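Chemist: One structure, as structure tokens, below. Some questions next.
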Amino acid sequence: MRYTTSFIVFCFYIFLFTNLVQGGLVRICNHRIEGYGTCGPNGRKICLDAFWKNQPSPGLSKNLEGCQCEDRRKRPQFKGLSHSCSCCWSYQGNSDE
């Protein structure tokens, strides 16, 4: 029984050390995209399309966790109504970035 417990603890330490060295999962929620027009009923789809067209780091294997669309009213740089998308995404921390 003593050796079994020691073996389990040893495996746990290997697992923990491997994740610390590789960096684990990195989660980022500050990717903002702005665009023309309002969000409307399919605002989430607009944000998802914009995210995949304008990825934060094209070389990474990313997992999109979700996007939220917000109307931004009239803004001078868009010459009319605009929207803003806020997206959360994650990637494995052992990339070369």
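Glycine is no exception: its Cβ is also placed from the backbone N, Cα and C atoms.
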Chemist: Could you tell me which of Cys11, Cys29 is bonded to Cys88 by a disulfide, according to Swiss-Prot?
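Modeler: It is Cys29, per the disulfide annotation in Swiss-Prot.
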Chemist: Where Swiss-Prot annotates a disulfide for Cys69, which of Cys11, Cys39 is the other cysteine?
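Modeler: Looking through Cys11, Cys39, the record in Swiss-Prot gives Cys39 as the partner of Cys69.
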Chemist: Which has the fewest other CB atoms in a 10 Å radius around its CB: Cys29, Cys39, Cys67, Cys85, the listed disulfide-bonded residues?
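Modeler: If we count Cβ atoms within 10 Å for the disulfide-bonded residues Cys29, Cys39, Cys67, Cys85, the smallest count is at Cys29.
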Chemist: Which one is it: of the disulfide-bonded residues Cys47, Cys69, Cys87, Cys88, which Cβ has the fewest other Cβ atoms within 10 Å in this structure?
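Modeler: Counting other Cβ atoms within 10 Å of each of the disulfide-bonded residues Cys47, Cys69, Cys87, Cys88 gives the minimum at Cys88.
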